[in-house]
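Peer 1: This structure is in structure tokens; I'll ask about it shortly.
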Amino acid sequence: MEAIQTLARWIKESRYTVVLTGAGMSTESGLPDFRSASGWWQNIDPRTVATVEALESNYRLFQEFYAMRIRGLDVCKPHRGHHILAEWEQRGFLHSVATQNVDGFHQQAGSQQVYELHGSLRTVRCNTCAHQTAQTDFLAGKACPLCQGKLRPDVVLFGEQLPALPWQRALNDMRSAELMVVIGTSLQVYPVAQLPMMTQGRLVMLNAEPTEHDDRFDLVVTGKAGELLQALNSQL
Ligand SMILES: [Zn+2]
């Protein structure tokens, strides 16, 4: 495919390449989609559970929802595409990965420079005193061992600020980038949708379907993230 050859050339030419990944990067890992999970979750809109409100006033529901999502991580793992990005970092083709995903697959695959813009399901903290504690405590429904506060995963809930440090680092990298590759996100969520506009470099979109922002990109390639990355990798 000509577009893949072009992008492979751009990757080789660029002295500073950054990647931004979204949900489409994780789907090939077989992460169970909670909307299609069995039982009563089918009738619950995650936007009503993944909230500060639910954490404060409906903790049992909140805890069950996130315990299910954390356990879901155990049955899947990074796919070839995650490993390819980690290899590119090692080979000097890639500076960093910013991600909207909370599954930790990029780090699991070996990527070192990862900015988790929406936090992580892999770690747990106390909502009151911020003490980091074992995931098993949260899964067991326990309270904070220090202050008895509510435990929660380190993800960004609806109604919360985005973590400042990863955002600042991602923004800095995007400003420095000569090439930015967006993978598996249709950029519908603000403020992530703004990130590609921060770069003066070449902008590339790899996504399963066309997005409403395609005209802002220098190159758009449609397909599955893992397959496109494998095709690219064979040219590098
Ligand atoms: Zn605490």
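Heads up, the Cβ atoms here are built off N, Cα and C, so glycines get one too.
Nobody curates TrEMBL annotations by hand; they come from automatic prediction.
Summarising the annotation, TrEMBL assigns active site, proton acceptor to His118. The Zn(2+) binding site annotation in TrEMBL covers Cys126, Cys129, Cys144, Cys147. Positions annotated as domain 'Deacetylase sirtuin-type' by TrEMBL: 1-236.
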Peer 1: Using the Cβ centroid of Cys126, Cys129, Cys144, Cys147 as the reference point for the Zn(2+) site, which residues of the same chain not in that list have Cβ within 8 Å?
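Peer 2: Close Cβ neighbours, site residues excluded: Asn127, Thr128, Ala130, His131, Ala143, Pro145, Leu146, Gln148, Gly149.
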Peer 1: Where the distance is taken from Cα to Cα, which of the binding-site residues Cys126, Cys129, Cys144, Cys147 turns out closest to His118 (active site, proton acceptor)?
Peer 2: Cys126
Peer 1: Including all protein chains shown, what's the count of other C-beta atoms within 10 A of the C-beta of Cys126 (Zn(2+) binding site)?
Peer 2: 21
Peer 1: Looking only at Cys144, Cys147, which of these binding-site residues has the biggest number of Cβ atoms within 10 Å around its Cβ?
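Peer 2: Answer by Cβ density within 10 Å: Cys144.
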Peer 1: For the residue listed as 'active site, proton acceptor', list the number of other Cβ atoms lying within 10 Å of its Cβ atom.
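Peer 2: Other Cβ atoms found within 10 Å: 20.
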